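> Here it is: the structure, laid out below.
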Amino acid sequence: MVAEEDIEKQVLQLIDSFFLKTTLLICSTESSRYQSSTENIFLFDDTWFEDHSELVSELPEIISKWSHYDGRKELPPLVVETYLDLRQLNSSHLVRLKDHEGHLWNVCKGTKKQEIVMERWLIELDNSSPTFKSYSEDETDVNELSKQLVLLFRYLLTLIQLLPTTELYQLLIKSYNGPQNEGSSNPITSTGPLVSIRTCVLDGSKPILSKGRIGLSKPIINTYSNALNESNLPAHLDQKKITPVWTKFGLLRVSVSYRRDWKFEINNTNDELFSARHASVSHNSQGPQNQPEQEGQSDQDIGKRQPQFQQQQQPQQQQQQQQQQQRQHQVQTQQQRQIPDRRSLSLSPCTRANSFEPQSWQKKVYPISRPVQPFKVGSIGSQSASRNPSNSSFFNQPPVHRPSMSSNYGPQMNIEGTSVGSTSKYSSSFGNIRRHSSVKTTENAEKVSKAVKSPLQPQESQEDLMDFVKLLEEKPDLTIKKTSGNNPPNINISDSLIRYQNLKPSNDLLSEDLSVSLSMDPNHTYHRGRSDSHSPLPSISPSMHYGSLNSRMSQGANASHLIARGGGNSSTSALNSRRNSLDKSSNKQGMSGLPPIFGGESTSYHHDNKIQKYNQLGVEEDDDDENDRLLNQMGNSATKFKSSISPRSIDSISSSFIKSRIPIRQPYHYSQPTTAPFQAQAKFHKPANKLIDNGNRSNSNNNNHNGNDAVGVMHNDEDDQDDDLVFFMSDMNLSKEG
């Protein structure tokens, strides 16, 4: 127990030494960064770093809070601030800050602010962070802890010497000890020790006030406003942290936040040379400056300085001309490099008092400092697009020539609208500003200009049309045969009829369907994507319509049907059947919209009287007259139908019958004509038996000598029952029409 208590006391002593020596390194006037002379220099040697029992009497009384830690009470964070003391300045002094590009920014007048905070150190014993709580509980080694603290102190001393405040102090000492030359370029151009660097110790648990001083969080250079760096700090600040040392009571941490810019200058405004230079700069001002603290300057001060400037104007001008001739080339090259593109327009820094800016740089600044007007199209040019509030045309405006813009930029602004006159009544819009922001001509703009070129330039469009017509004339293969939907193409129908008449009996119905599909005009094939209905997509046949197809009844197996019904040869019977089907379709316009080849097919078994009437007709005209009549009727009937359905598709069957009489569901979307031999086809074939009986009765009444042939027909139908199940539509048609 005694050993543990001794170890705990040693650890507490090391914690007290940590707070005291860290504060001493930052605040002591004998630290290495203040070694301007050899007197009263306190050596931070190895003995001082290793001796943790020494108490420093130079520290203020506030440090006593952190000098006697017992391990039970909570230690607040200790804050040490390093600041630039301005209390010795009077109202005639002006404090300015130079940024990294050499531009001067006005900070304040001598009596406006008392301090400018440069650094803020945070020294704390952290016993609540997750890092400390997650640390393993090992036995504390006092010797190891002492070595770690010595390493921390040495690192802290090195860090202090590298901070910007040390450089400011060294230059301040040089300006004190050096010759007081008003024309010199020293950062501190004061006649005495008017400013100094000081430190103060604060309690981190209490709020830190910035009244009467420029706090660390306030950016002097306004280009840093609303900007953060990688460490989530304001852009004008930087931060350094030292690796913490672990103890059983908490982590010993040290961190610092400091200003990046430290090159301050102090000028006396009552100085004659400064007044002359300040007046010359004010005459050649390049925009608003960051001078918020100079608003209290009265007109009397200006009136006092102005006569002085007029009395010494001539000798000062001679001196200025000599300086300008010597430095003109150097100033031009330097300032052209120092002008940043990202520089703030409304908060530009003040120009250095002992330098003159060339006229070329001044001329460049005028268009830059001009405030941007978002409601003007011509942001690149000097004029707006139009001053007329009405919807005036852009072509009435004089063209604004821009060397980097495309010459067709004016017409391009109206591309998205319907017409040129449909633009907004305002002189511009945000869309036009967006297009004006691009200086280079892109590929899209070139394509759009080509597209707009033809309606805007009729001569070139006519030339393009002439070239296109010549191209068509030179290549006759490119001629387009265009036919309207209402007027079907003039196709030689007689050739098709002759082809059907000369078909050999050995050909089956599939070859006929293929011949129909091959004879289709490709110009009248419809695309399925053009249909807007939700019904099953039928197979579309050509817009012109042929007569009744030569079905199996015209072939060798069923040739007796034509003889029995027509009473003549097979060719004349086929012509009569086609003629009858055409007459029937012309009289029944109220039927379903099927072509003449299906004329009355779905309702053929409801018209037995008409069948007998047509069966009693004979061949009364010559073949030529019949062909002419057939062609005329087909030409007239073809115009009444726009499309037909393939004779073998399920859609043709379902569309021809009344839906209430069909005992099966409607077929779904079939992409091609199909023949499905399912049970429903047998039901559809039942009317064929009645048709055969009707045909036998008509033959027995009119043609008794052909009775045996009718029996043969029935025998043939029974033999070909399987085929009739598939191709029953053709049998029904011809048995009805014969």
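The chain as shown is numbered from 1 upward.
For all residues, glycine too, the Cβ spot is worked out from N, Cα and C.
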> Of the residues SER136, SER285, SER581, which is given the phosphoserine tag by Swiss-Prot?
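Looking at Swiss-Prot, the phosphoserine feature maps to SER581.
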> If Swiss-Prot marks one of SER454, SER646 as phosphoserine, which residue does it mark?
SER646
> According to Swiss-Prot, which of these ranges is region 'Disordered': 180-209, 690-719?
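In Swiss-Prot, residues 690-719 carry the label region 'Disordered'.
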> If you check Swiss-Prot, which of SER64, SER225, SER511, SER554 turns up marked as phosphoserine?
SER554
> Please compare the modified residues SER461, SER496 by how many other CB atoms fall within 10 Å of each one's CB, and tell me which has the fewest.
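Among the modified residues SER461, SER496, the lowest count of other Cβ atoms within 10 Å belongs to SER461.
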> Over the region 'Interaction with ATG1' (432-520), what does the predicted model average in pLDDT?
59
> Secondary structure at SER461 (phosphoserine) (DSSP, helix/strand/coil)?
helix
> Using the alpha carbons only, what distance in Å do you get between SER496 (phosphoserine) and SER461 (phosphoserine) once rounded?
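SER461 (phosphoserine) has its Cα 46 Å from the Cα of SER496 (phosphoserine).
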